[in-house]
Amino acid sequence: MKARFNLSAWGLRHRTLVWYMMFVSLLMGSGSFLNLGREEDPSFAIKTMVIQARWPGATLPDTLQQVTDRLEKKLEEIDALDYVKSYTLAGESTIFVFLKSETRSADIPAAWYQVRKKINDVRAELPSGIQGLAFNDEFGDVFGSIYAFTADGLSFRQLRDYVEQVRADIRSVPNLGKIELLGAQREVIYLNFSIRKLAALGIDQRQVLQSLQAQNSVTPAGVMEAGPERIAVRASGQFSSEEDLKAVNLRLGERFFRLSDLATIERRYADPPSSLFRFNGQPAIGLAVAMKQGGNIQAFGTQLQQRIDDLTRELPLGIDVHLVSSQAEVVEKAIGGFTHALFEAILIVLVVSFISLGIRAGLVVACSIPLVLALVFVFMEYSGITMQRISLGALIIALGLLVDDAMITVEMMVTRLESGDSLPQAATYAYTSTAFPMLTGTLVTVAGFVPIGLNSSSAGEYVFTMFAVIAVALLLSWLVAVLFAPLIGVHILKASAKHVAPGRWARGFSRLLIKTLDHRGWVIGVTVLLFIGSLFAGKLLQNQFFPDSDRPEILVDIYMPQNGSIDGTRQAMDRFEATLKHDPDVLRWSSYVGKGAVRFYLPLDQQLSNPFYGQLVIVSQGGEARDRLIERLRQRFRDDYVGVGGYVQPLNMGPPVGWPVQYRVSGPDIEQVRSQAMALAAILDANPNIGQVIYDWNEPGKVLKIDIAQDKVRQFGLSSEDVAQILNSLVTGNTITQVRDSTYLIDLVGRAESDERSSVQTLSNLQIPTPDGSTVPLLAFATLSYEQEQPLVWRRDRLPTITLKASVLGKLQPAALVKQLKPDVDAFSASLPLRYSVATGGAVEASARSQGPILKVVPLMLLLVVSFLMIQLHSVKKILLVVSVVPLGLIGVVAALLISGYPLGFVAILGVLALIGIIIRNSVILVTQIDEFIAAGESAWSSVVKATEHRCRPILLTAAAASLGMIPIAREVFWGPMAIAMIGGIAMATLLTLFFLPALYVVSYGIKRPPT
């Protein structure tokens, strides 16, 4: 009969080749480690597209019905659609398309193509006058380097010229991606007309504007063919500055007027501005720089900073360059911390190996670690996995697991050497007796991480590299254990000349084991009671989606009334910033008025541009200072900012969620939705753990309604369109043409003078020009009245929806607070009229959405685990024995989390699932060892005792390595809950494997202790 292939024996026969393979592995691994990209967080696809449409002049109801609703209805046909949200203003529609969480990243471009196609199909059904349909699906770019440019004694235009030059010069930096300017104010040349003066002169403003437009147009004057030459003809007249405009003479009818006599011509920044950017309270222009995907952020950041430093020296005095945000610094600190933690974990594992196995055997295990890590680094480089929070944490978790196989191999070699085998015999026997059970155990452990690898949600994508790194590390560790470790062991270990008797510890364990087997009923009963107790105790654990980041930044959102102006928001920001200037816990800050911060951090929850919104990014002096500052700022909003919505929060990890507690009130009627939302807000306010509650929309705004009598207006040769255009040109201003100034295009805007365009009285006395050249008072055909209407409407799945957003006071997790509120919210929901509903959002909804795809994959994980067990054990009864230990690991998980005070978060749940494979691994090897002793002729009782004694040391060694190796990341904010849960679970699983499983085995097979 032909002997089975023995990989360890093959390695011993081809020693030179295997040594060469080890050398190449280390060499390639070292190179890959240096070449790996560095990032703070792994990238994940943001499955959201924004569609924007403008219909100038339309009312809010018309925009809702004719634009928003038509687009939403068509979008419902998208196959991968999860839901649609829309934000509608008068004349402006913004629609957010959200794909299903299980949509794969590779399928997202096809989904966005389908969205564009559907919208193009419905374009013909939209009203005439729609100005463009814009699509935006590029949300993943992280602007990791942000600089603020401030100037003393220079205009904003001069400052922008220098910033534009810097922008052009840094393009030479390798791997540079997108660049955005922040707060660069748009220049405008305003023609401020006096309505009264034009009326007195009998001049129609539209004639003036048309004349200017005609003079400034770019029109080809032709090309002359002059014999062998072609000569271009150029006609002058275009404006290049406001001075050109002041010199313009206009012929209006039979009269001539200088433009400067009819209007005040001023060049200034757009009023009102669309957004503002400031640094430490000082107006600034920001330069936000993104790196191309897959680059090394540390190298990129260093090169960019060097280039900025060089360019700064060339800037004139008065221009200062400030660092606002540097992801390179954050990554350098984070990677350094994780690398330190990795070396700590390696040291811990080595200490465990040397103490338990001895110097020589421990050295074999020590040599295996760099080999596995080197091969993992090669895999990471060629699969595009960078060094970031998740992959480095996965390496540390894998470290405690990947030494298992090497320890088992070395421990088996030592045992055989103590029995008198030669070194080659011991090495080959280790493969024969343990290779296949180790492979099964490794595959089972990998299967435990499958729900992470196949989870297609954004949270799943965020932690995917955890599965990839751990799975590859475990598989490679098996290969190293059966190919490299035996050869290393043959050269390091020494043959033993005598049998080593069991030590005191081994004899003590043997006595304890026999005692537990004698009292197996009690052992099983107590274990079951502990398990039941852990189920009840588990209800005391708080749930969490992702923890807050440990970065020093603080986000402060400021919400003004929704009919508020950007100037009102700026004033509130001024007041708030004044309190930061002398705060000792503040290092620096940047503020955004009219929009949210640019994405300087991948999980940032970006906000829409709105005149009533502002955001600050405050960099604190450190962790403790950050926590103090957050509490102080929250109290400040509660005490000093009545009528201003404020939300203070640290940066979050994981996919963006926004406010932690959210409830959506939906229904067909806007007023009823408002009324019900206010009733729900009262319920939330009554809870002492709720901080501030705000609405995403609620307050109606003032509207000056001009009711035109159509019969009268026609008598003057006018229409509603004519009147609206005239009013718009006076109040808001019309862009007439553009002045070409260097690389800039400066809008030329005609409007009424300041006191006339902001005065209702002036509007009442307004003279409207008629086609025959005369004027007529506005009140001759119209009446003016004040009304209130909704300035904006949010909808979700085509229903008006108000989202209540609430902050949490104290240390309570959002899920626990939502659980507190559930009885009251359920009672409120039951009282709602038909077609009205309340839904929970925020962190609770995001967590449920992320866990859903995991639970879908759990059956596949269980199928893989059972299949691997069946291949190894060939017995349903033994599989049930092995699997019965798995849920009991929950005892250790719950106890560890309760003692440490950590919540059961998304990452901790992944760790609990991964424990399934780890627990089963040791159980499989123990049951297989019992079968081997029985097959060798031992009695059933003796086989159980000897197998447990035989597997005791390797089980304890691997458990110690796996659990102690996670101590360095147990203090990390992100990995702490998972590490603590796994440490507790592994510790309890070790005890269960050594005592509960043998007792259960004896009971299941009816094994009796032989008489002594």
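Each residue, glycine too, has its Cβ placed from N, Cα and C.
Where the annotation comes from TrEMBL, it is an automatic prediction and has not been curated.
Copied from TrEMBL, the annotated features are:
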- 17-37: transmembrane segment (TRANSMEM)
- 335-355: transmembrane segment (TRANSMEM)
- 361-380: transmembrane segment (TRANSMEM)
- 392-410: transmembrane segment (TRANSMEM)
- 430-450: transmembrane segment (TRANSMEM)
- 462-488: transmembrane segment (TRANSMEM)
- 521-541: transmembrane segment (TRANSMEM)
- 879-899: transmembrane segment (TRANSMEM)
- 906-927: transmembrane segment (TRANSMEM)
- 974-1003: transmembrane segment (TRANSMEM)
Among the ranges 335-355, 392-410, 906-927, 974-1003, the one whose Cβ pairs under 8 Å to the transmembrane segment (361-380) are most numerous: 392-410
Two-stretch contact, the transmembrane segment (462-488) and the transmembrane segment (430-450), at least three Cβ pairs under 8 Å: yes
Top Cβ-contact partner of the transmembrane segment (392-410) among 521-541, 906-927, 974-1003 (pairs under 8 Å): 974-1003
Annotated stretches the transmembrane segment (430-450) and the transmembrane segment (906-927) touching (3 or more Cβ pairs under 8 Å): yes
For the transmembrane segment (906-927), sequence-distant contacts whose Cβ falls under 8 Å of one of its Cβ atoms, 6 or more beyond its ends: 401, 404, 408, 434, 437-438, 440-442, 444-449, 451-452, 459, 463, 466, 470, 544-546, 654, 847, 850-851, 854, 858, 861, 865, 869, 872-873, 878, 881-883, 885-886, 889-890, 893, 897, 947-948, 951, 954-955, 958-959, 962, 974-975, 977-982, 985-986, 989-990, 992-993, 997-998, 1001
Distant-in-sequence neighbours of the transmembrane segment (879-899), which means Cβ under 8 A and at least six residues beyond its ends: 527, 530-531, 533-535, 537-538, 540-541, 865-866, 869-870, 873, 908, 912, 915-916, 919-920, 923-924, 927, 977, 980-989, 992-993, 996-997, 1000-1001, 1004
Surrounding residues of the transmembrane segment (974-1003) on its own chain - C-beta under 8 Å, 6+ positions past either end: 389, 393, 396-397, 512-513, 516-517, 520-521, 523-524, 527, 544, 546-547, 653, 881-882, 884-885, 888-897, 900, 902-905, 907-908, 910-912, 914-915, 918-919, 922-923, 926-927, 930, 941, 944-945, 948, 952, 955-956, 959, 962-963, 966-967
Remote residues contacting the transmembrane segment (521-541) - C-beta distance under 8 A, at least 6 residues beyond either end: 887-888, 890-891, 893-895, 897-898, 903-904, 992, 995-996, 999-1000, 1003
